[in-house]
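Comments concern the structure below.
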Amino acid sequence: SSASLRILASMPSRTIGRSLGAIISQYCNRTARLRRRSSRPPLQQLCHAARPSLRQYDLETDPIRATLEEKRRLLVKELLSLSPSQCSHMLLTMPLSLAEKHILRRQLSGQRGPLRQHTHHWAPFSSCGWSRVCVGLVCTEAGRAPVQAPAPLLSPFSSPQGCRGLWYRLLSLLRTAQPGHYALKQIGGRFGSSVLSYFLFLKTLVMLNFFSFFILLAFVVVLQAMYPTASVSPQPFTGLELLTGAGYFTHSLLYYGYYSNVTLNDHCTSSPQGNVCPLAAPLLPYNLPLAYLFSVGVCFLVTCILLVYSVSRSFRESVGSSTGDLAIKVFCAWDFKVIQRRSVKLQCENICTQLKELLGEQRSRSRSQSRCQCLRRCVIVLLAWLLALGSVSGCVLAVHYFSEHMHVGSGRWQQEAILLVLPFVVSLLNALMPHLYNLLAVWEKQDSPVTQVYVAIIRNLILKTVVLTVLCYQWLSRSVICSTEECWETCVGQDLYRFMVMDFIFTLLDTLFGELIWRLILEKRLKTKQRPEFDIARNVLELIYGQTLTWLGILFAPLLPAVQMLKLLLLFYIKKTSLMRNCQSPRQPWQASRMSTMFITLLCFPSFLGAAAFLSYTIWSLQPSETCGPFRGLETIYESGKRWVLVLEKSNPNITWFAWVYQHLLENSCLLFFMSVALIAVIYFNIQVVTGRQRVICLLQEQIANEGEDKVFLIQKLHSVYEQRHR
């Protein structure tokens, strides 16, 4: 009604009922007041031909300046007198149409061109001066927005926004230089955030393995390569070692048995009376066994810190509700800085996919079921879980049977073939069982694809966790096939290497037969346009399984993180190529806002925590090999730290405090207990903070909804007041 329009017109944020000339005049006066606030000349020094704004005429009431063109021209003059940042901010805040703002910007750029040529007369510069000018010009050009007019170049160094823009562009170039940067954008735009979360998780694993590999390479592997041990003659390389990890690789830097227990840079000699050290002996000898132990410990410590940080950051980013996300995507998702045609196309696909995900989530929430349907679903889910747990029990029995009844053959080829049986069986079970779980998911008919992925991840996680527990028990009980001249640690490292290689081979076979050949069958034989979908749960669990094998074997094979890095990089490009050529986007688009948090959490607690417990038991309780390895002749690996502290205390009595700290803090189990409690407390409080923020966000959303209802209520009341006055 007209009364409501009058109420809305009286609001300060509205410009209903005002002419374009009135708006331009108002901002012309505001610009003049802003300029006079900084520097205003005395009014007596102004002539009668000065601008009316300087003589404090009101342009809205001046009859001589009443035309629109004159007001626009005066506004342009006033804007020219402002700084570039003030001019840009003033144009952004004007309640004018984009066409009118475009006219103003064009007039500003037309008048600034001759102004630059007229006011700038460059004096001859030195080479340093010209370099400064060029840097300033680059900064100014880099900071200029593509839709705005160029700023007046009063000085090449008067634009901090330009230097800031150059810095942002350099950061964007560094981000673009990262491997797979454009591929991730392409995957997110075409397949959505659910598939993209897999590749982001893969990049996180590459980063974790890089840190572990760098630490071990710098402090252990390089030094051992510089001072090689007098080992047995290596066997000839046949190529089969790439699968088995034995043969040529047995006596190499890849495994535990090659590393020695010497102290580098040590001139002390042993005698019946004890160690005799010359006066010129070095002060800091390098104890290689101690470096080996501490490097593994630092790797796990750095990985733990990175994982806890990643979990906390993922929890912080996943805070919030999806209520209102649809409106935000519709009105605020476009990035106006994107100008390249390829980037524009990618952004369009990304926004369309995100809108499909949000609509799919809202549709799944709006479905309701009757009591009979709920009871029927509960029975089906219970039967499916019984079948899944029964299949896990059968897999565990099969793994235990094959591990107990493997015997070494007489020939070399038979020996290496026997070594590949158990990894082949385990990898075959890990490849076949997810397809059985997918059939159970089709039978269950989950409404939400997120719930379906969660259930599949939990079932696959139970399978892999139980199988790895059985294998770890056999490795700790030393029931592995190993010759007498080899360390049992080397044999465990070879087993883990074979499991990693066999897992990679089965991943490639699954990509070939499950995606490529299945797509060809669907297109060529069945004549359908459908393609296989990317199984997120199975692929993510394969990554977690491979990373768990790496953490389990980092003590027995120090170069295993390098093998895992190479495997992950190959997987990234193979999976990306297969995804683009063979797979289709999900039939039910869904948003993976909390999937990355779940992936990192599963990597942290079942995987990393289990590997840390396995290695802790190995270091503190098991006796190392007596003939090879850096800890030969010791009761436990942990005893090397004790001996080092005793030697350090005898050699230098001034550092007895360090021995006291080591005995009362590091050897005390209470410290480990308190550190574990502190870590759990930090994670618990972080989760509580995230939950509290979610509740606050929900309350704020309710308050925003109530504010909107308050506005409607006030408008209705004002409307009734206007009607009463009109009567």
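Backbone N, Cα and C atoms are what each Cβ position is placed from, and that goes for glycine too.
What you are looking at is a predicted structure, and each value in this text was computed from that prediction instead of being measured.
Per TrEMBL, the feature domain 'TMC' maps to 487-593. Sequence annotations record features per position, and here TrEMBL assigns transmembrane segment to 200-227, 290-309, 378-402, 417-441, 549-574, 595-620, 665-685.
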Across the domain 'TMC' (487-593) the predicted model averages a pLDDT of 88
Residues in the domain 'TMC' (487-593) per DSSP class, helix first, strand next, coil last, are 78 helix, 2 strand, 27 coil
If you count CB pairs under 8 A between the transmembrane segment (200-227) and each of 290-309, 549-574, 595-620, the winner is 549-574
Same-chain residues at least 6 beyond the ends of the transmembrane segment (290-309) with a Cβ under 8 Å from one of its Cβ atoms are 207-208, 211-212, 215-216, 219-220, 223, 259, 551, 554-555, 558, 600, 603-604, 608, 612, 615, 619, 630-631, 637, 640-641, 644, 679, 682-683
Other same-chain positions with a Cβ less than 8 Å from the transmembrane segment (595-620) and lying at least 6 residues past its termini are 193-194, 197, 200-201, 204-205, 293, 296, 300, 303-304, 307-308, 310-311, 314-315, 317-318, 450, 453-454, 457, 461, 465, 468-469, 472, 476, 536, 540, 544, 547-548, 551-552, 554-555, 636-638
